[in-house]
Amino acid sequence: MATELDPVEPQSLKKLSFKSLKRALDLFSPVRAQLPPPDAESKKIRINHKVSVEYGGIKSTSNPPPSQVNSTAQDRSKQPGPSNALALPGSGDYKDPLKGGLQHALVVGPTIPSTAPHDPGSMSKNTIVASGSGSSERNLSTSALMERMPSKWPRPVWHAPWKNYRVISGHLGWVRSVAVDHSNTWFCTGSADRTIKIWDLATGTLKLTLTGHIEQVRGLAVSNKHTYMFSAGDDKQVKCWDLEQNKVIRSYHGHLSGVYCLALHPTIDVLLTGGRDSVCRVWDIRSKMQIHALSGHDNTVCSVFTRPTDPQVVTGSHDSTIKMWDLRYGKTMLTLTNHKKSVRAMAPHPKEQAFASASADNIKKFNLPKGEFCHNMLSQQKTIINAMAVNEDGVMVTGGDNGSMWFWDWKSGHNFQQSQTIVQPGSLDSEAGIYALTYDVTGTRLITCEADKTIKMWKEDENATPETFPLNFRPPKDIRRF
């Protein structure tokens with residue numbers, strides 16, 4: 001027997017919406033026609049602060065004396081009812097925010113009448129002071145009144161911009177390497193024309209041309225203890241030149257392919273060379289013997305520097321790793337895998353126990369001797385970086401394959417100047433590339449070796465001031481920590 005169903009009453013969309021809203025209100029607020037009762041705990045928690053407009057923010061002060069808190073509480077109890085607008089007690093100079101006064105009064109909601117008596121003692125006990133040191137005790141409901149925390153990032157030092165003051169031409173090929181003598185009177189450059197030229201640092205005039213390599217000269221170093229200069233090239237040869245006789249007196253045989261980088265140990269008579277055979281070789285300068293073959297890289301060793309203390313040898317490679325070596329045993333002490341691309345350039349800081357390394361992805365700073373990663377530089381040059389150097393003033397410079405030369409503040413990683421090299425007349429625009437650069441001994445002059453066959457010299461602009469060359473620095477919001 002079929003039962004008759006009740007007819008369904010047609011309902012409008014508006015009525016259905018109200019019914020759904022009523023159900024939600026019934027679910028979440030059973031007494032929806034009344035204000036919620038005041039919370040006893042919330043009443044006790046009051047923020048006691050003074051607002052002073054200083055440096056565009058809120059300056060928090062310490063707790064006022066108890067007498068001031070008690071008198072404020074008594075004055076408040078004489079009013080018809082407490083408002084849950086955050087009051088500003090203590091100074092008595094509150095201004096209406098709508099009339100251009102202090103803009104820090106935040107109205108949270110309508111006034112809630114209350115019959116609960118005030119307890120000044122409990123209020124003074126539970127007062128939270130919004131000071132910088134007690135930030136962990138802040139009430140969560142007062143996030144709109146939190147003061148801006150200052151950035152912990154170090155502010156960069158102002159440096160004068162650098163300008164090109166001399167262009168030296170003389171090589172017949174790309175200029176691939178440079179080294180400055182420790183007397184600071186001359187410097188030498190190696191080129192793809194297979195020659196090494198020695199130039200006067202003050203005037204830029206050519207003093208000497210040395211021939212002997214049969215491929216381009218990729219690495220140069222001048223000894224500070226002997227009258228020796230060392231060179232390395234794509235012809236697998238490493239040569240020692242006696243500058244009193246201007247000729248090769250020793251050759252170091254052992255590399256299986258081109259030699260890309262070269263460094264002299266600062267305290268002992270040891271020479272280090274790295275090349276395409278993925279090995280950094282350690283040579284005894286006098287006996288020409290190979291002491292160690294530091295093997296472990298999977299690709300070309302393209303940068304190396306040495307230190308007087310462990311780790312005495314640091315190498316960078318096309319396999320995107322940096323290795324620190326124990327020179328005594330010829331073993332790897334540490335491998336840094338922070339970079340994602342070839343590490344073509346590295347530069348130790350002349351004073352600090354730190355070094356920077358550059359690859360196409362980022363320029364990174366590391367502490368020594370343990371190799372802790374400090375931070376990335378705050379901008380990306382977005383090119384292959386072939387060379388970098390740091391002076392004692394904390395000015396780091398990086399030279400790119402596209403001719404860009406960027407200057408950085410060492411401490412903060414701020415890029416304060418971006419310059420583009422200008423090719424010499426008759427060159428292609430694609431020949432704007434920087435292959436090597438170094439500071440002189442004083443750190444006040446910079447020498448760059450470029451793909452347009454020139455050597456350029458740079459110095460700081462003496463006429464620049466912080467007003468004419470302002471420091472446009474914004475601390476990073478989310479610095480990448482890897």
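Glycine residues also receive a Cβ, built from the backbone N, Cα and C atoms like all the rest.
Per TrEMBL, region 'Disordered' is recorded for 55-93.
According to TrEMBL, the repeat 'WD' annotation covers 168-209 (among others). Using DSSP to sort the residues of the repeat 'WD' (168-209) gives these counts of helix, strand and coil: 0 helix, 24 strand, 18 coil.
Note: the repeat 'WD' (210-251) comprises 0 helix, 24 strand, 18 coil (DSSP; helix = H, G, I, strand = E, B). Feature annotation from TrEMBL assigns repeat 'WD' to 210-251 (among others).
The repeat 'WD' annotation in TrEMBL covers 252-293 (among others). Panel annotation: around the repeat 'WD' (252-293), residues 215, 218-221, 223-226, 228, 230-240, 299-308, 312-313, 315, 317, 319, 325, 327, 330 of the same chain, lying at least six beyond its termini, place a Cβ under 8 Å from a Cβ of the stretch.
Note on the repeat 'WD' (294-335): residues 260-267, 270, 272-276, 278-282, 341-348, 355, 357, 359, 366, 368-371 of its chain, located 6 or more positions outside it, place their CB under 8 angstroms from a CB of the stretch. For 294-335 (among others), the entry in TrEMBL reads repeat 'WD'.
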Taken over the repeat 'WD' (168-209), the model's mean pLDDT: 97
Secondary structure tally of the repeat 'WD' (252-293) (DSSP, helix then strand then coil): 0 helix, 23 strand, 19 coil
Intrachain neighbours beyond the repeat 'WD' (210-251), with Cβ under 8 angstroms and 6 or more residues off its ends: 173-174, 176-182, 188-198, 257-264, 266, 269, 271, 273, 275, 283, 285, 288
